[in-house]
Each structure stands twice: as C-alpha cells, then as structure tokens.
C-alpha cells in the first residue's frame with residue numbers, strides 16, 4: 001500500500017454531496033512555477049455564490065465529480081486537484097467574475113494540446129450551475145512548454161529561407177475561393193506572384209472538391225511559383241492547403257508538396273484538430289516545409305464575450321502545437337479584432353517573454369523559453385488605404401494578406417499585386433525615415449500614387465470602402481465610470 005493510500009485510509013469514506021468550495025476553493029494557496037494557471041470568466045446561475053462557481057470549475061476540470069466517491073481514498077486529492085485560488089468581479093458587469101484556477105502539471109500528458117484542452121475546457125463548459133463560462137487566458141509553465149516542439153521553423157528561419165528582411169511579407173488569397181479549375185487557379189497565383197507578392201494562398205475551404213482536385217491544384221500552383229521566381233528573382237510560395245478528412249490523407253498531400261519542392265503548405269488547425277496539426281507540424285519540421293495556419297471556426301469558439309475560449313488561448317495553443325503563420329485579425333478590416341486585444345495576442349505569438357498586461361487582456365506573465373515565434377497574418381477586407389495602419393500596427397514580423405484587395409484591382413491581378421507592393425514599400429521607407437504612419441499614412445500613399453499608376457487606380461477603387469462596426473470582444477471597463485467621463 002502506498003503512503004498516499006495509507007494517509008487516506010484513516011480518514012474513512014462518507015457518502016453524500018458536499019459543496020465544491022469546501023474542497024476546491026483555496027484562497028490561501030500559493031501557486032507553483034510548475035502549475036498551469038487559468039483565468040475563467042464565470043457567470044453563475046442566480047443563487048450560486050461566486051466562490052462555489054469558481055470551485056466547481058476547478059473541480060469539474062480536474063479531479064472532482066458531483067458526489068463523494070470512495071475511490072477518492074485511493075489517491076491524494078491534495079496533490080492532483082485543481083484549486084480556485086482567487087475570485088475577482090468583472091468591472092462593469094453585475095454577475096460576472098474572473099476565477100483563477102491552478103492545475104498541477106501531473107494532470108496533463110506531455111506535448112499534448114489535445115489532452116490539455118480536454119481537461120481544462122471539457123465537460124465543465126456544460127455545467128448547469130454556470131450560466132456561462134469563458135477561458136480568458138492560460139499561463140503555461142516552462143516545464144510544460146519544453147515538452148512541445150512548437151512551430152516547425154519560426155520567424156528567423158523563415159526569413160532566412162525566403163531571403164526577405166526589413167518589411168512585412170505580402171500575401172493574397174485566391175478568389176473566388178471555390179469554383180475555379182486548377183489551371184485557372186494556377187494562372188491567378190502566377191499573376192499575383194509576378195506582380196510582387198511573396199505568397200498566394202488557398203482559401204480555408206479549398207481541399208479536394210470535384211471542380212478542382214488537390215493534386216491538380218498542387219501541380220499548377222507549383223508551376224506558377226517556379227515561373228514567377230524565374231521572372232522576378234525572388235523566392236515565392238503558395239499556401240497549399242493539406243487539410244483532409246483523415247490524417248493519413250493530410251500527410252500524403254504534405255509529402256507530395258515536399259516532392260514538388262514548394263516552400264510552404266497550410267492547415268486549418270481548428271477544424272482539422274490539434275492532434276492532426278501537431279503531426280503535420282512535426283512532418284514540416286523534419287522536411288523543411290513552412291506551415292501556414294488558418295483559424296477557420298475560431299469565431300464559433302471565441303467571439304462571445306461571456307462564453308467560449310478567447311483567441312489568445314487558441315493562439316498560445318497553436319504556438320505549442322506548431323505553425324509558422326496564423327491568422328490574427330486585422331484591427332482595420334472586415335473581421336473582428338479590437339486593437340489592444342489583438343496586439344496582446346500578437347505579442348504572445350511572436351515574443352519570447354510577455355509580461356502580464358491587463359490593458360492588453362494578458363492575465364499572466366508567459367515565458368516561452370525560446371520556443372520559436374509565429375508570424376501573425378492580417379487578412380480580411382483590407383486594401384491599399386489600410387497599408388500605413390497595418391504596417392504601424394503589426395510591424396515587420398507579419399504577413400499582410402490582400403485577397404479582394406489584390407484581385408479586385410480594375411486592371412487585373414498583377415497590377416493589384418504591384419499596387420500593394422508599392423504601397424508597402426512606400427510605408428516602410430517613410431517609417432524608416434522617421435515619418436508617423438498613424439498621422440501621415442494617407443499622404444504617404446498619395447505621394448506614391450504619383451509614380452505608380454497601378455496604386456493610383458487601386459486608391460480610386462477603394463477610397464470609400466470602410467468596415468465601421470463595433471468589436472464584440474472588448475476590454476473590461478467600469479461602465480458607470482465611463483458614463484461619467
């Protein structure tokens with residue numbers, strides 16, 4: 001009999017139901033460096049105290065169940081249980097609280113995002129005592145980070161592979177996203193790449209449909225890449241979407257891409273799943289392929305402010321599972337993204353060490369212990385007038401991706417690509433000369449139109465296009481104080 005069992009045997013077994021807070025609410029607990037820490041936004045049902053709600057989250061996402069069980073005596077709950085160690089009210093909300101929960105590291109399988117999420121965001125999200133529950137942030141301890149390989153290559157290795165430095169990379173999603181034949185699709189890629197873009201991209205729902213089978217698409221896109229490289233003298237790429245119905249088929253597509261000699265492939269990591277994504281990331285690392293990640297389905301999980309998982313958590317999970325790029329919103333385009341929140345998880349994707357900063361929605365200090373960084377991808381409803389803001393917001397280590405903002409150019413794809421490249425080069429040069437992109441951005445673009453007719457035409461087409469809707473996911477503030485200001 002183990003010492004743990006001997007300790008428990010003397011306590012005896014008392015059947016029945018008891019409040020979670022008696023066991024799992026421990027405000028005196030001092031967190032350990034090896035604990036996984038979670039910040040949950042908890043909305044209890046009427047009549048449920050916040051301490052009980054927080055304790056229920058800790059219990060149901062670790063060792064607890066709805067009643068006392070005799071097998072509790074066969075292990076040490078003090079060693080393995082999750083602990084709610086803090087509760088704080090959410091400013092401006094009547095019945096929402098941030099519950100802080102600490103999990104012992106031994107609860108989780110090494111190198112498995114799948115297992116981590118199965119525990120922390122599993123059945124507890126359907127718990128009846130909670131009206132709503134949202135995972136706002138995680139602190140991943142360095143001991144656990146070191147069990148993950150992370151991105152296949154990372155930012156610096158990608159720049160070295162592409163031989164491109166000192167500016168954001170430029171991309172384009174081929175449109176229409178569905179319906180083109182493989183040959184016409186490849187032609188669209190070629191026109192964009194020869195015009196000055198670094199990458200073109202499969203849309204997230206392009207897999208292997210009757211109108212364009214994956215092998216045909218891969219062949220014609222590879223032809224486009226090599227032809228554009230020969231003409232421009234620059235390394236080019238196309239995000240070949242390897243996402244498939246099975247992991248075996250996904251890896252078969254990745255192998256074919258490697259045999260073609262292309263530099264990068266793509267995966268839809270949420271619809272494809274973390275197990276598939278980690279497997280694909282390992283293959284890319286071993287075979288010299290960059291891996292672009294699309295976040296299709298993320299808004300189902302992260303858009304509601306009081307329920308689900310915040311994207312900063314999904315971004316951390318992707319950095320652990322593996323990917324060299326990930327879509328991160330634009331702040332200025334057609335998709336959801338509040339500026340400070342977006343900058344917060346962009347830092348979490350790129351930097352080695354990120355301090356706690358609630359003004360950016362970061363609840364915990366995170367040390368990635370040299371895990372490679374991920375390039376954020378700004379994509380969705382952006383065009384040349386957005387270039388100064390995008391360059392200022394995202395900086396050099398990013399990918400700026402213009403789909404309609406390239407292919408919608410009145411003169412065609414190649415002139416659309418030229419317009420974007422000229423606008424980017426103008427913004428980077430102006431920034432390097434000390435000009436303020438935030439205040440002088442429109443003037444910088446207008447100056448560049450004087451020597452680029454392609455840019456002038458693009459500016460004329462999109463001069464009235466704006467996406468002015470309030471973000472759903474915003475930082476918490478005291479609403480009463482805001483009204484008085």
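Just so it is clear, glycine is given a Cβ too, placed from its N, Cα and C backbone atoms.
Going by Swiss-Prot, these are the annotated features:
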type	residues	note
ACT_SITE	175	active site, proton acceptor
ACT_SITE	294	active site, proton acceptor
BINDING	123, 173, 177, 295, 327, 379	substrate binding site
BINDING	201, 203, 204	Mg(2+) binding site
MOD_RES	3	N-acetylproline
MOD_RES	14	N6,N6,N6-trimethyllysine
MOD_RES	201	N6-carboxylysine
SITE	334	site 'Transition state stabilizer'
*If you measure every Cα to Cα pair among 123, 173, 177, 295, 327, 379, the residues listed for substrate, what is the largest value in Å?*
37
*recorded positions 173, 294, 379: which have a Cα within 10 Å of residue 203 (Mg(2+) binding site)?*
173, 294
*asked:* These are the binding-site residues: 201, 295, 327. Which one scores highest on other Cβ atoms within 10 Å?
replied: 201
_Please report the distance from the Cα of residue 204 (Mg(2+) binding site) to the Cα of residue 173 (substrate binding site), rounded to the nearest angstrom._
9
*recorded positions 173, 175, 177, 327: which have a Cα within 10 Å of residue 294 (active site, proton acceptor)?*
327
*Per residue, counting other C-beta atoms within 10 angstroms of the C-beta, which of the recorded positions 175, 177, 294 reaches the highest number?*
294
_Chain-mates of 201, 203, 204 with C-beta within 8 Å of site centroid, Mg(2+)_ = 173, 174, 177, 202, 205, 206, 239, 241, 266, 294
_Least buried by Cβ count (within 10 Å) of the binding-site residues 123, 173, 379_ = 123
*Would you count the other CB atoms within 10 A of the CB of residue 203 (Mg(2+) binding site), including those on all shown protein chains?*
18
*Write down the Cα-Cα distance for residue 173 (substrate binding site) and residue 201 (Mg(2+) binding site), rounded and given in Å.*
5
